[in-house]
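Asks: The feature domain 'Aspartate/ornithine carbamoyltransferase carbamoyl-P binding' is assigned by TrEMBL to 3-142. If you look up TrEMBL, you'll see 51, 52, 53, 54, 78, 102, 129, 130, 131, 132, 260, 261, 288 marked as carbamoyl phosphate binding site. Annotation source TrEMBL lists domain 'Aspartate/ornithine carbamoyltransferase Asp/Orn-binding' at 148-298. The feature L-ornithine binding site is assigned by TrEMBL to 160, 219, 223, 224.
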Ligand code: CP
Ligand code: NVA
């Protein structure tokens, strides 16, 4: 594992290995055992979009590992004034030990990896959000045990979360049903790749997707970058694509709800359901910290976690 650009680059063993390391680092932190595995290492964190969880969890995680995080807003970098990504990659590779980047285009993340010489971590693009899905899978393991054989359902916009969830769920051996309105379905490349996968279904009907589901996921109707379309999307999504008690009545009786946050309450999820599942939703947010530390120690080759 040289980078974390997208989940489809991982083998099942690598995915499960990251989750196992995440659980181990969480346990050590709770027990007060220090883990200064990245002493002397610096992580550059490039942000072209807003963030609460990703920024703080990577920054705190890097500190807990004994290394240093460096926050780099695109507005303050020459990249924001047009310096090519391939030059930025070659320069930053000479100062830093790894880069986490949150941006719009997946191709920019791929270019950093191609032209740089250090590990690159995708902290969210329009296409994928791999770190979030790792945290979600880790949380589901804590609650449900095995991932293999579970039924996941995603309701709403076929965005970065939906795309990465499809890949992550199928890699982990779960099944996944996605319910999105026409025109807002997951990326065509994902649909093409998994169209005939026996554990993947796509529907416009949320009740069909959520039926007997063990875990139901949702996300905002308008992602970062879609703000201008927010009103139009609201009209399209509001009648059917909300996780509420009526929809969850067809799920497994012990259904668990996950939301990557931030949530728009009374839009994609009711306040009632959000609060009923808040414990696991905030555990999911916490697990960003633990699983991203796992990603860092694997990518930076810490011998205790050699893979
Ligand atoms: N879930 C998530 O990535 O949150 P932030 O946008 O706050 O980083
Ligand atoms: N789909 C959302 C996820 C935020 C963490 C977005 O891209 O804005």
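Note: Cβ is positioned from N, Cα and C throughout, glycine not excepted.
So that I understand the layout, could you describe where these features sit and how close they are to other parts?
Replies: Under the DSSP three-state reduction, residue 260 (carbamoyl phosphate binding site) is assigned to coil, being neither helix nor strand. Within the same chain, the residues at least 6 positions away from residue 260 (carbamoyl phosphate binding site) whose Cβ sits under 8 Å from its Cβ are 129, 132, 136, 161, 219, 284, listed in sequence order.
If you take every residue in the domain 'Aspartate/ornithine carbamoyltransferase Asp/Orn-binding' (148-298) and average the pLDDT, you get 98.
Counting only residues at least six positions away in the same chain, the Cβ atoms of 124, 125, 126, 127, 128, 129, 223 sit under 8 Å from the Cβ of residue 160 (L-ornithine binding site).
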Asks: Cβ under 6 Å from ligand 1: which of the binding-site residues 51, 160, 219 qualify?
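Replies: Result: 51.
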Asks: Consider each pair of residues in 51, 52, 53, 54, 78, 102, 129, 130, 131, 132, 260, 261, 288, all listed by the record as binding carbamoyl phosphate, and report the largest Cα separation in Å as a whole number.
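Replies: Answer in Å: the longest Cα-Cα distance is 31.
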Asks: I'd like to know which of the binding-site residues listed (51, 53, 78, 160) lie near ligand 2, counting only a CB under 6 Å away.
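Replies: What lies within reach of ligand 2, judged by Cβ under 6 Å, is 160.
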Asks: Counting across all protein chains shown, how many other Cβ atoms sit within 10 Å of the Cβ of residue 78 (carbamoyl phosphate binding site)?
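Replies: Residue 78 (carbamoyl phosphate binding site): 12 neighbouring Cβ atoms within 10 Å.
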Asks: Mind giving me a neighbour count for residue 224 (L-ornithine binding site)? Other Cβ atoms within 10 Å of its Cβ, every protein chain shown.
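Replies: Other Cβ atoms within 10 Å of residue 224 (L-ornithine binding site): 16.
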